[in-house]
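What follows is a single structure, written as structure tokens, with notes after it.
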Amino acid sequence: MNSAVQAQLAELGIEGYLNQHQHKSLLRFLTCGSVDDGKSTLIGRLLHDSKQIYEDQLAAVHNDSQRVGTTGSRPDLALLVDGLQAEREQGITIDVAYRYFSTQKRKFIIADTPGHEQYTRNMATGASTCDLAVILIDARKGVLDQTRRHSFISNLLGLKHFVVAVNKMDLVEFSQQRFEEIKAEYQAFSKNLRGETDIQIIPISALEGDNVVELSQQMAWYQGPTLLEILESVDVVKEKEAGEFRFPVQYVNRPNLDFRGFAGTISSGVVKVGDRITALPSGKSSTVARIVTFDGDLEQAQAGLAVTLTLADEIDISRGDLIVHHGANVELTNHLAADVVWMTEQPLQPGRDYDIKIAGKKTIGRVEHIHHQYDINNLSKHSAAELPLNGIGLCEWTFNESIALDNYQDCADTGGFIIIDRLTNVTVGAGMVSESLTEVTKASSDFSAFELELNALIRKHFPHWDAKDLSELLKK
């Protein structure tokens, strides 16, 4: 048991501690930045200084530091997070590592993401579930290409809170001038980011602990909050509750003939008993009769809660449908523009069918056209015939059916989708809806999706057969 938990148990007792812990708000955040900026060391320092490390963990870190550590005689706190053998041997992060801790004010889930460019897809995976990004910058190197890359991806994935931590200030003699130079450079870059982004920039030393949990004695010129104070005070719950009500149905709950409810997690907004709702895509309406949870019925539920809704009327709703407030403005379309992060070696090419999963709904979609690929080092755009591994671009999609969706910046759950290869069943990309386009009326076809897919494979691997493109024939 760590010392922080021991102190709280002594003060509150077991029941009091569990009750307090249950009602704490949760912040999911990630650490990102260029390789060797100190992301894993920062997480280790947060855990250590907030007294969240068990004695056996600390003893193991001391032992491992003598073998693979990089901090001399001191314990290498990065080893608390870098768990893979390859990570420890190379001194880098490869996989996304998750860590959990809590203070008296809040619970935290940390995603430690890799800095190397070839692991950008891992970083995007970590960012997709987070509310805040801690972006580390080495005070000696300043803003690097990978710093811009991770800032852009975090912004693209809808994160509205950034904490830019200028790390390794101890290696530049805690220079205020150097900090101000980096601050100005990042602020100039951040003007190109989308939407309103809350950016706070602080000087830290993860190795020494300056401005991480306690204010630094070496940087008296800095008068702002510590990193932990920022993490404990940022408000992300109210932002989700302020959005329009969205409830993707994950499961139709019918344990007996007398009960029929629709289970899922509220993506945004608030719902109350008696609210008039509409189910999409059917457009049928009813009234919320009950909000059922494991702990009993609620009169009101907000974003983030897993609930079962029962309705006053028997209307047809199935998995993948979306429940919204009656009269809500929701796009229903099979044609859209979406930013895509590509995550596999085989590039994304227009004309190929993929399985699409969006908010519990599964359908088939294809890229009709790649509008442009982003140069994520300077945020410029250039034309592209295909998207390579780790490439990010704006693509025009058509789906086999109309789906209720939002822009990703408005609601991530109903505006984000994953792209699955239909032959291997491997997730090959992630999409973020940026715009709903005019619905496409598809021509009737004598060719099945399988036949079109087979035709595409034959044309790719056996070009000497001179097979005709069936999808082009359908357009004539």
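Placed from the backbone N, Cα and C atoms, the Cβ positions cover glycine too.
In three-state terms derived from DSSP, LYS39 (GTP binding site) belongs to a helical segment. Residues annotated as GTP binding site in Swiss-Prot: 33-40, 112-116, 167-170.
The annotation domain 'tr-type G' is assigned in Swiss-Prot to 24-228.
Annotation source Swiss-Prot lists region 'G1' at 33-40.
The region 'G2' annotation in Swiss-Prot covers 91-95, and the record cites similarity to another entry as its basis.
The region 'G3' feature in Swiss-Prot is assigned to 112-115; the stated evidence is similarity to another entry.
Swiss-Prot lists 167-170 with the feature region 'G4'. Within its own chain, the region 'G4' (167-170) has Cβ neighbours under 8 Å at 37-38, 42, 136-140, 178-179, 203-208, 210, 216, 218-219, counting only residues six or more beyond its boundaries.
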Nonlocal residues around MET169 (GTP binding site), in sequence order (Cβ under 8 Å, 6 or more apart): ALA139, SER175, ARG178, PHE179, PRO203, ILE204, SER205, ASP210, SER216, GLN218, MET219
Binding-site residues compared (ASP36, THR113) - highest count of Cβ atoms within 10 Å: THR113
Least buried by Cβ count (within 10 Å) of the binding-site residues GLY33, LYS39: GLY33
Average model confidence [pLDDT] within the region 'G4' (167-170): 93
